[in-house]
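Feature list (source: Swiss-Prot):
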type: BINDING; residues: Gly432, Pro433, Pro434, Asn435, Thr436, Gly437, Lys438, Ser439; note: ATP binding site
type: COMPBIAS; residues: 587-604; note: compositional bias 'Polar residues'
type: CROSSLNK; residues: Lys513; note: SUMO cross-link
type: DOMAIN; residues: 406-556; note: domain 'SF3 helicase'
type: MOD_RES; residues: Ser81; note: phosphoserine
type: MOD_RES; residues: Ser89; note: phosphoserine
type: REGION; residues: 144-307; note: region 'DNA-binding region'
type: REGION; residues: 579-604; note: region 'Disordered'
Amino acid sequence: MADPKGSTSKEGFNDWCILEAECSDIDNDLEQLFDQDTDSDISDLLDENDVEQGNSRELFHLQECQESEEQLQKLKRKYLSPKAVAQLSPRFESISLSPQQKSKRRLFAEQDSGLELTLTNEAEDVSPEVEVPALNSQPVAEGQSGDIDISYTALLRASNNKAILMAKFKEAFGVGFNDLTRQFKSYKTCCNAWVISVYAVHDDLIESSKQLLQQHCDYVWIRGIGAMSLFLVCFKAGKNRGTVHKLMTTMLNVHEKQILSEPPKLRNVAAALFWYKGSMGSGVFTYGSYPDWIAHQTILGHQSAEASTFDLSDMVQWAFDNNYLDEADIAYQYAKLAPDNSNAVAWLAHNNQAKFVRECASMVRFYKKGQMKEMSMSEWIYTKIHEVEGEGQWSTIVQFLRYQQVNFIMFLAALKDLLHSVPKRNCILFYGPPNTGKSAFTMSLIKVLKGRVLSFCNSKSQFWLQPLSECKIALLDDVTDPCWVYMDTYLRNGLDGHYVSLDCKHKAPMQTKFPALLLTSNINVHNEVNYRYLHSRIKGFEFPNPFPMKADNTPQFDLTDQSWKSFFTRLWHQLDLSDQEDEGENGESQRAFQCSTRSANEHL
């Protein structure tokens, strides 16, 4: 009998028949399938609710921070080892000014969950103890580097690098840096000489600096011992600390923290001997001659062998020879001689400088006044015109007088009587409208003959005529009516050329004659009846024309000292001024005036 359709009878597969699904035509119904699908166990697989964006930027920022932290930890592990400072400089690590407590902190962050943390990754602020060899108190030999630890990295990280540099300087040179220098607190204070100590400079740069500094300095002193280099430089112009540091950092390629700079001690013999004896060493480079402050304290010369006492007569002789009469000029000019003149140095070191200056000025005025009184007018004019340098044209004066319609022959005759103090011919008046050159003409003559000028504004003082006793020729400028009244009342005898009693300050009234007197005024005294007693005592010349000027606003007639020098030289015989000068030139030789205690044969 055949097997039923859809089944196979085989041994060992009986269970399959039990599990075989039953077929039905109902499975082909699509509506029933969809209805059953809605009742499935995975009906909530898809979320059909509205979607919210959330804070994505905060998440992105958190991820970036984690990446940065990981990179930072890698760099710390690579470059910031706890033993890095000790490996760079054990000696620097051993230096401690105060005890430090050990404080532990976590140097590297952990990447695990935070459990089972140990102290293996904790680093101490203070490095472990390092065995440091004993320091040798003896300076290192010149040019010998040895096993010097040039820990410039530790120097830059030190809190007080100046103290470390000073310690290394004293260790190298055997003398303190402050023993050779004086302190400038300001960086803007200028000085010509500077002491510079530089740490950890390459040898090639030191050699090159020996040549480069020569163009900036008059004197260079360089010495290198170990890692320290010492410079003494005297610049051609004053420099402040900032400029010096800028020059040295550029030239030596170093950091400013590696430099110590202060000006040297100028009045310390021990410091001067350090530089003087050091320049004789084999490892020292020097350029130029010794500065004055080193030479004066270490080198014995004729100036230092002289006595250091002040000699007032030497100061008076100097002021007399150089025509210094004012106290301010004497003090300033004599102080400028101090570096080369031992007497000026002694004067500066004295406590009574002002007293000596006043006494010197008084003595010079006494000598000059006595010299003037001894000279005649011819000698005086001859002396003063020969002090004028250069040559001029005497025709300028003649042309100006002709321009003002002045008879030159009459003017020459009046000038001759004026210079020889002829009675009642001892005063010349130049009158006319303003701006005609009266003051310019007379002032130029007073200037070349070293005369004095009177001012009537001081007439309330009884000493206003005192300058008449100290000159050979005087000028009273711009005489007005009150001045004419005063002259008509009190000065008739003086204009006559007779002796008068002249009251001088701090002195008894003295007997003297008026010197040659020049007057300028806008009033023609000869036309004034009220002053008829002055007509015979004053010779007048009128200046009617305005003073001519060029297009560039300069005088057309240049009335200079050289013009008057040429005028007197040309008209010397016409003015009858030749006798005294002929005796001076062709007679016996004249000895220069000497007012000091130095003998004439003494060596200069």
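Our numbering is plain: 1 for the first residue shown, then up by one each step along the chain.
Glycine residues also receive a Cβ, built from the backbone N, Cα and C atoms like all the rest.
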- Note on the structure: One finds that other Cβ atoms within 10 Å of the Cβ of Gly432 (ATP binding site) number exactly 21
- Item | Rounded inter-Cα distance in Å - Pro434 (ATP binding site), the residue listed as 'SUMO cross-link' | 31
- Task: Using DSSP with the three-state reduction, classify Lys513 (SUMO cross-link) as helix, strand or coil.
- Result: strand
- Message: Suppose the ATP site is Gly432, Pro433, Pro434, Asn435, Thr436, Gly437, Lys438, Ser439. Which further residues of the same chain have a Cβ inside 8 angstroms of that site's Cβ centroid?
- Response: Thr520, Asn522, Phe543, Pro546, Phe547
- Note on the structure: Checking the binding-site residues Asn435, Thr436, Ser439 for other Cβ atoms within 10 Å of each Cβ, the smallest tally belongs to Asn435
- Task: Fill in the CA-CA distance, Gly437 (ATP binding site) to the residue listed as 'SUMO cross-link', as an integer in Å.
- Result: 29
- Item | In the chain carrying Lys438 (ATP binding site), residues 6 or more apart in sequence that have Cβ under 8 angstroms from it | Phe430, Tyr431, Gly432, Thr520, Phe543
- Among all the protein chains here, how many other CB atoms are within 10 A of the CB of Lys513 (SUMO cross-link)? 17
- Task: Write out the long-range same-chain contacts of Pro433 (ATP binding site), meaning residues 6 or more apart in sequence whose Cβ is under 8 Å from its Cβ.
- Result: Asn522, Phe543, Pro544, Pro546
- Message: If I take the alpha carbons of Ser439 (ATP binding site) and Lys513 (SUMO cross-link), what is the distance between them in whole Å?
- Response: 24
- Counting other CB atoms within 10 Å of each candidate's CB, the least crowded of the binding-site residues Pro434, Gly437 is Pro434
